[in-house]
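For reference, the structure is listed below as structure tokens.
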Amino acid sequence: MKSRKLFGILIIIAGISLIIGSVLINVRQTQIRESLVEEYKAGTLDMKSSDDSLPGDMLYMLRIPSIDSENPVREGIDGAVLKDSLGHDTNSSYAGTNGKCVIAGHRNYTFGKFFNRLDEVQTGDMIYLDTCDGTYSYQVTDIEVVSPDEDEVLQNINDDEMLTLYTCTPIYIGSHRLVINAKRIS
């Protein structure tokens with residue numbers, strides 16, 4: 001009887017610990033994002049140019065007005081970067097150059113909530129990349145859902161200046177990839 005009661009108490013403690021841990025991670029991530037956005041708006045954020053960027057460096061501020069999204073983009077797409085921001089795929093082009101600039105992000109409960117509303121973006125919506133060199137404007141041209149092994153959607157197919165946003169879908173499950181392509185218009 002005592003062992004059942006002890007087991008029940010341990011299960012309750014474990015459940016409470018998981019909930020508290022998830023909340024603390026979410027609060028930390030929100031603070032980091034808000035700090036970067038505030039620094040950007042105040043003009044004190046040290047954004048790097050593509051020529052001298054290192055993994056983890058702040059490159060861009062990605063704005064998607066249609067879903068009220070404004071998020072920092074750092075160099076690289078490893079777990080450390082995507083935990084606290086969106087990431088620029090170093091195998092892709094940079095904003096303002098010919099080719100495809102790929103930005104990846106997560107959609108989940110704790111780490112990487114930056115692209116949680118990305119599935120609400122529609123063809124024709126505007127996306128803006130603020131860089132240390134200025135702002136680049138893109139218009140969404142197509143949206144597709146692909147399997148994770150269809151990585152050809154990330155490849156350069158022409159010399160147009162393109163932006164591709166890439167994340168897991170459906171939200172919280174991630175069995176496929178949501179790919180949003182946009183063409184630079186200014």
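Backbone N, Cα and C atoms are what each Cβ position is placed from, and that goes for glycine too.
What TrEMBL records for this protein:
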| type | residues | note |
| --- | --- | --- |
| ACT_SITE | H106 | active site, proton donor/acceptor |
| ACT_SITE | C168 | active site, acyl-thioester intermediate |
| TRANSMEM | 6-27 | transmembrane segment |
| Between H106 (active site, proton donor/acceptor) and C168 (active site, acyl-thioester intermediate), what is the CA-CA distance rounded to a whole number of Å? | 7
| In sequence order, which residues at least six apart in the same chain have a CB under 8 Å from the CB of the residue listed as 'active site, acyl-thioester intermediate'? | H106, R107, N108, G174, S175, H176, R177, L178
